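Report on the following structure.
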């Protein structure tokens, strides 16, 4: 399992973490610049969840960068247990937030036609932020599965 792509302290792990953090930051940036997002609970939850995702992923990206630079091994069972719990929690929260935001976007666009009735509503930005959140979740879920797989191999 030492050669598994995406393990902590490897270039693959660093790329996964940086991708998670960048997509979460993009989601926060797009949603935060959207007019009226704070009026909808699902969008506020998305911002909070992506904030947590960004902090967790950025912290672990820094740890991966240090481990690569110092040639350290981050695959001890204690560290992997911490990574598994953190990754699963952030992945589940990110998926819930992304799904709820997607539900509101679909409601606005297809069901009640808010986007047509209220052209000042930035539905395109809501949709783009939700897409960024799903991309961040996909990378987070990938990391969570890799960490679980590594922990199970011990």
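Glycine is no exception: its Cβ is also placed from the backbone N, Cα and C atoms.
Per Swiss-Prot, topological domain 'Cytoplasmic' is recorded for 1-17 (among others), and the stated evidence type is sequence analysis. Across all of the topological domain 'Cytoplasmic' (1-17), the predicted model scores a mean pLDDT of 86.
The topological domain 'Extracellular' annotation in Swiss-Prot covers 39-42 (among others). Long-range contacts of the topological domain 'Extracellular' (39-42) within its own chain (CB-CB distance under 8 A, at least 6 residues past either end) are made by residues 97, 100-101, 103-104.
What Swiss-Prot records for 64-87 (among others) is topological domain 'Cytoplasmic', and it gives sequence analysis as the kind of evidence. Per DSSP, the secondary structure of the topological domain 'Cytoplasmic' (64-87) breaks down as 18 helix, 0 strand, 6 coil.
Feature annotation from Swiss-Prot assigns topological domain 'Extracellular' to 108-130 (among others).
What Swiss-Prot lists as transmembrane segment is 18-38 (among others).
Residues of the same chain lying 6 or more positions beyond the ends of the transmembrane segment (43-63) and with a Cβ under 8 Å from any Cβ of it are 8-9, 13-14, 17-18, 20-21, 24-25, 27-28, 31-32, 34, 37, 74, 83, 86, 90, 93-94, 96-98, 100-101, 104, 126, 129-130, 133, 136-137, 140. The transmembrane segment feature in Swiss-Prot is assigned to 43-63 (among others); the stated evidence is sequence analysis.
Feature annotation from Swiss-Prot assigns transmembrane segment to 88-107 (among others); the stated evidence is sequence analysis.
Per Swiss-Prot, transmembrane segment is recorded for 131-151 (among others). Listed as Cβ neighbours of the transmembrane segment (131-151) (distance under 8 Å, sequence separation of 6 or more from its ends, same chain) are residues 1, 4-8, 13, 16-17, 19-20, 23-24, 26-27, 30, 46, 49-50, 53, 57, 75, 77, 80-81, 83-84, 87-88, 90-91, 94-95, 97-98, 101-102.
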Checklist outcome for this item: Tertiary contacts of the topological domain 'Extracellular' (108-130), defined by C-beta under 8 angstroms and 6+ residue spacing from its ends, are 26-28, 30-31, 33-37, 43, 46, 98, 101-102
Checklist entry - By DSSP, how many residues in the topological domain 'Extracellular' (108-130) are helix, how many strand, and how many coil? => result 16 helix, 0 strand, 7 coil
Checklist entry - For the transmembrane segment (88-107), what are the same-chain contacts with Cβ under 8 Å, counting residues 6+ beyond its ends? => result 24, 40, 42-43, 45-46, 48-50, 52-53, 56-57, 114, 123, 126-127, 129-130, 133-134, 136-137, 140-141, 143-144, 148
